[in-house]
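These come from TrEMBL:
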- Asp163: active site, proton acceptor (ACT_SITE)
- Glu30, His31, Thr32, Asp33, Tyr215: substrate binding site (BINDING)
- Ser64, Gly113, Ala114, Gly115, Leu116, Ser117, Ser118, Ser119: ATP binding site (BINDING)
- 5-54: domain 'Galactokinase N-terminal' (DOMAIN)
- 87-170: domain 'GHMP kinase N-terminal' (DOMAIN)
- 269-348: domain 'GHMP kinase C-terminal' (DOMAIN)
- Arg24: site 'Transition state stabilizer' (SITE)
Amino acid sequence: MRVVEAFRAAYGASPQTVWRAPGRVNLIGEHTDYNDGFVLPFAVPWGVTAAITPRPDGTIRLLSLQSPDGEPVTMTDRDQSKGWTRYVVGVLAMLGDRVAGADIAIDGDVPQGAGLSSSAALEVAVASALNELHDLGLSPMEIALLSQKAENDFVGMPCGIMDQAASALSQEGHALFLDCRSLGSRNIPFDLAAHGLSLLIIDTQVHHEHAGGEYAKRRAECESAARKLGVPALRDVTDLAGALDRLQGDERKRTMHVVTENHRVEALIGLLRAGAVTEIGALLNASHLSLRDQYEVSSPELDLAVEAAIRGGARGARMTGGGFGGSAIALVPEERLDSVRESVAGAYAERGFQAPRFLNATPAKGAHRVA
Ligand code: GAF
């Protein structure tokens, strides 16, 4: 394994453990996780592999096979971390005294900028390896929570729990239904091929700079709306019409999205349970319209990907992940895959957008030891 070879070359010995954790794509349940709601992501076949040996001193040496100079970064103080190293050092920082330093080599194959959660994969791979090495006894959900805390408190991104939970808990061939309040989860069988379908990921290759700030703003708007409605979180709104009467402007729109999106997650799971996989497309379309018009986190590239995919024969499509760029997903009958790709690529060329990248995702397994 090349991460093991790189580790040996950099640090002169074999790593004590190697863990891999995947990125994720979200089928439905967008911007619901930090509203205590429901999500249905699954792990993608791409992820991050972390080779680690603990160090008794506080030093952290960190090598990425994706870094251009190929040299390890050495940090004697956690405050020295910058850029991508913050996701790793954040995990170490959250473990406090339980972990001193470490020699780490990282290899990743999550398509960059596609919004498939390479950062959660990185956090969960490192946290899972440290959990084993230091005999911490953390469950996969505790690993996800620790990774989320690293991102919230150390990196400064106020994300919910979805991405880290998907990376830590997913099972091959299944989507992960997660109640983000109780943290109860269920692996739901999700075999599209058995129904002659594929889930096409359309990576717009565009990521807008302001995405982080807009994410925090949406989260604050939801929390403010919940306070005005006197409920702990928007998940608790049961009388949507009554709630909308009491809100105005953006907070009204955000509430509309979150409440209806939670219902869409439950409806989609009902269809999967009934074996009606081909029928989930309408829910994907409705989710996209709500994210575009009520939550206002889509982008021209995502909207065009969704419209052109449907024109090309997709049964449904939506943006996936935080928004403002990244990827859309399309549910496509296998015989229509070429037609959908051509429709989207053609529409992008006509509009003068950068060519999109197409990926095919089948549900992969969550974090696991590889060596
Ligand atoms: C990002 C966040 F990291 C998740 O927690 C989630 O809120 C998602 O955006 C939107 O559903 O991926």
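A Cβ is built for glycine as well, from the same backbone N, Cα and C atoms used for every other residue.
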Same-chain neighbours of the substrate site, Cβ within 8 Å of the mean position of the Cβ atoms of Glu30, His31, Thr32, Asp33, Tyr215 and not counting those residues, run in sequence order as Gly29, Tyr34, Asn35, Gly37, Val39, Gly160, Met162, Arg218, Val258, Glu261, Gly322
For Ser119 (ATP binding site) and Asp163 (active site, proton acceptor), the CA-to-CA distance in whole Å is 9
Expected list for ligand 1 (Cβ under 6 angstroms, recorded positions Asp33, Ser64, Leu116, Ser119, Asp163) reads Asp33, Asp163
Of the recorded positions Arg24, Glu30, His31, Thr32, Asp33, the one whose Cα sits nearest to the Cα of Ser64 (ATP binding site) is Arg24
The recorded positions listed are Arg24, Glu30, Thr32, Asp33, Asp163; by CA-CA distance, the one closest to Leu116 (ATP binding site) is Arg24
Thr32 (substrate binding site) to Gly113 (ATP binding site), Cα to Cα, whole Å, comes out at 22
Across the domain 'GHMP kinase C-terminal' (269-348), DSSP yields 49 helix, 14 strand, 17 coil
Comparing local Cβ density (other Cβ atoms within 10 Å) for the binding-site residues Gly113, Gly115 points to Gly115
By Cα geometry, the one of the recorded positions (Arg24, His31, Asp33, Asp163) nearest Ala114 (ATP binding site) is Arg24
Cβ neighbour count within 10 Å, max among the binding-site residues Ala114, Leu116, goes to Leu116
Whole-Å Cα distance, Gly113 (ATP binding site) to Asp33 (substrate binding site), is 21
Among Glu30, His31, Thr32, Asp33, Tyr215, which the record lists as binding substrate, the farthest-apart pair of C-alpha atoms sits at a distance in angstrom of 12
